[in-house]
Structures are given as structure tokens and as C-alpha cells.
Amino acid sequence: MYDIKLWRHVFKLDPAKSISDEDLMKVCESGTDAIIIGGTDNVTEDNVLNLMSRIRRYPLPCALEISNKESVVPGFDFYFVPSVLNSADVKYHNGILHDALNEYGYMMNFDEIFLEGYVVMNEDSKVAKLTNANTDLNITDLESYALMVDKLYKLPIFYLEYSGKYGNPEEVKAIKHNLEHAQLIYGGGISDLNTAREMSEHADTIVVGNLIYENLKQALQTTKVKQ
Ligand SMILES: CC(C)=CCC/C(C)=C/CC/C(C)=C/CC/C(C)=C/CC/C(C)=C/CC/C(C)=C/CC/C(C)=C/COP(=O)(O)OP(=O)(O)O
Ligand SMILES: O=P(O)(O)OC[C@@H](O)CO
Ligand SMILES: [Mg+2]
């Protein structure tokens, strides 16, 4: 599954959180399509490297969703770079990215880097606070972001981020309707197979994060969306 377009289900592991070898084995052998390593805070070179090397024992794709320049390490199959479109701070659109290109642009392998058009919707999430995101968006606003990502910026990925909260499936449906090329990734508050199925109806890919740490059994059930 080294074609990200084919991913239906992904587990997102937070390098700042601990997970036992036994639980990690269950996650990696669950039948999920890929693992994304990502988090908002306390993401360091050390904890990213450590988690990546433990996941590398298993034959599944592993992507790093970059949260800061300092924790980018070689060895991933893919690098996902979030550009938070509804952030009030240009730093989180392209500012950090521009700095990184100044420093390392000459040595980047652009075939493995995917820019994510990110829209953050849970006002209480760490990522919304960090990026000062305007989460007061209605369906028309979201449809417009979808057009922006797909028709104008022509980004490969639209990520609807509800981190920590379950979103509105009608929003996912409306966004999907406006995407012709971009892959629609939904993440946030998936708590069982039912919610996973509901979001999978319209999202191309669903991401399960916190549930891994809160209720691993339920998290593993969500991979059944692939059946
Ligand atoms: C060495 C090598 C091979 C290099 C490859 C080249 C490469 C890819 C270089 C990278 C270029 C680079 C450094 C670009 C910078 C991009 C960047 C840092 C952009 C800003 C990213 C950004 C907006 C971060 C904010 C946080 C964010 C969007 C996080 C996403 C994940 C997320 C929301 C997780 C959920 O949060 P969590 O921590 O789990 O929250 P809870 O604890 O509440 O659950
Ligand atoms: O942790 P949860 O709420 O499952 O969200 C998943 C992911 O979208 C976070 O970046
Ligand atoms: Mg989390």
C-alpha cells in the first residue's frame, strides 16, 4: 500500500505518548493501511526516531506528519506537511515551510513529500489554539476551502481535522463533493466502528488517533471499515 490514494484507514501515533511493544504490535498488525506519526506538542527528534524504528519492524507504510523542523528525520516512506488554511498566522500556512526550504530545499526528495491542505475545526484542540485557527466555519466555507485545495492550489490532500472531537458527516460529504483530485482525509473523535463507518462513507481515508491510547480494542475494530 505504498500508494497513499489507496489508504482507507490509518492509525496516527503520537510520538509524545508511550505505547507498549505489545500494543504497538497489535496496531501494526491490525490490517490498517498505514501509520502516521504526528502530534502537536512535545514532538522531538528523539521520540520520532524511537517510534519510527519500532514501527519499522512491521511491513507497512509509515509517514511523518511534520509538526516542527527539529523533529524531521530520514527513513520515512512519506512526509506530510500540514498547511493550516484557516490559521490566522501565515507561519502555519507556509512560513515554517519557507524557512525549511531555505535551509534544506536543495536536498529534499519532493516525490516523498505531500502538502496537506489542513482545515482545523475543533476550537478546543491543541492544534486550533497553536495555529490560532478560525473554526467558526459553515458548510459553504468548507466547500470553498475544498475548491481552493482542489481547483486552485491543486494540493494532493484535503485534511479535515477535528482532533479530539467527532465532526459532522454532512461537512465531509459537502467537501468530498467539491474534490475531484485531492484525497479527502478525515480525522477526529472516531470512537468505534460505527463512527469510523459513518466518516468512511464520504472520506477517502479516516484517521484514528486518540482511541489507540484510550481504548485499543475499539480502535482495532475500526479497521473493519476496509471490509
Ligand atoms: C531529512 C529528510 C529526509 C527530510 C525530508 C524533507 C522534509 C520533508 C523537510 C520538511 C520541511 C519542513 C520542516 C517543513 C515544515 C512544515 C511545518 C513544520 C509546518 C507547520 C506544521 C504545523 C501547522 C504544525 C502544527 C501542528 C499540526 C498541524 C499538527 C498535526 C497533527 C495533529 C493535529 C495531531 C493531533 O494533535 P495531538 O498532539 O494528538 O493532540 P491531543 O494530545 O489533544 O490528542
Ligand atoms: O485523535 P483523534 O481525535 O482520533 O484525531 C485523529 C487525528 O486527526 C489527529 O490529528
Ligand atoms: Mg492526539
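Including glycine, each Cβ sits where the backbone N, Cα and C put it.
As recorded in TrEMBL, the features of this protein are as follows:
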BINDING   Lys12, Tyr159, Leu160, Glu161, Tyr162, Ser163, Gly164, Gly189, Gly209, Asn210  sn-glycerol 1-phosphate binding site
BINDING   Asp14, Thr40  Mg(2+) binding site
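Sequence features annotated in TrEMBL and their locations in the structure.
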{"residue": "Lys12", "record": "sn-glycerol 1-phosphate binding site", "Cβ within 10 Å": "19"}
{"residue": "Asp14", "record": "Mg(2+) binding site", "Cβ within 10 Å": "21"}
{"residue": "Thr40", "record": "Mg(2+) binding site", "Cβ within 10 Å": "17"}
{"residue": "Leu160", "record": "sn-glycerol 1-phosphate binding site", "Cβ within 10 Å": "27"}
{"residue": "Tyr162", "record": "sn-glycerol 1-phosphate binding site", "Cβ within 10 Å": "24"}
{"residue": "Gly164", "record": "sn-glycerol 1-phosphate binding site", "Cβ within 10 Å": "16"}
{"residue": "Gly209", "record": "sn-glycerol 1-phosphate binding site", "Cβ within 10 Å": "23"}
Binding-site residues close to ligand 3 - of Lys12, Thr40, Leu160, Gly209, only those whose C-beta is under 6 Å away: Gly209
Contacting binding-site residues for ligand 2, chosen from Asp14, Thr40, Leu160 when the Cβ sits under 6 angstroms of any of its atoms: none
Length of the line joining the Cα atoms of Gly164 (sn-glycerol 1-phosphate binding site) and Thr40 (Mg(2+) binding site), in Å: 12
Spatial neighbour of Asp14 (Mg(2+) binding site) that is closest, considering only the binding-site residues Leu160, Tyr162, Gly209 and their CA atoms: Gly209
Candidates near ligand 1 among the binding-site residues Asp14, Thr40, Leu160, Tyr162, Gly164, judged by a Cβ under 6 angstroms: Asp14, Thr40, Gly164
Alpha-carbon distance [Leu160 (sn-glycerol 1-phosphate binding site); Thr40 (Mg(2+) binding site)] in Å: 16
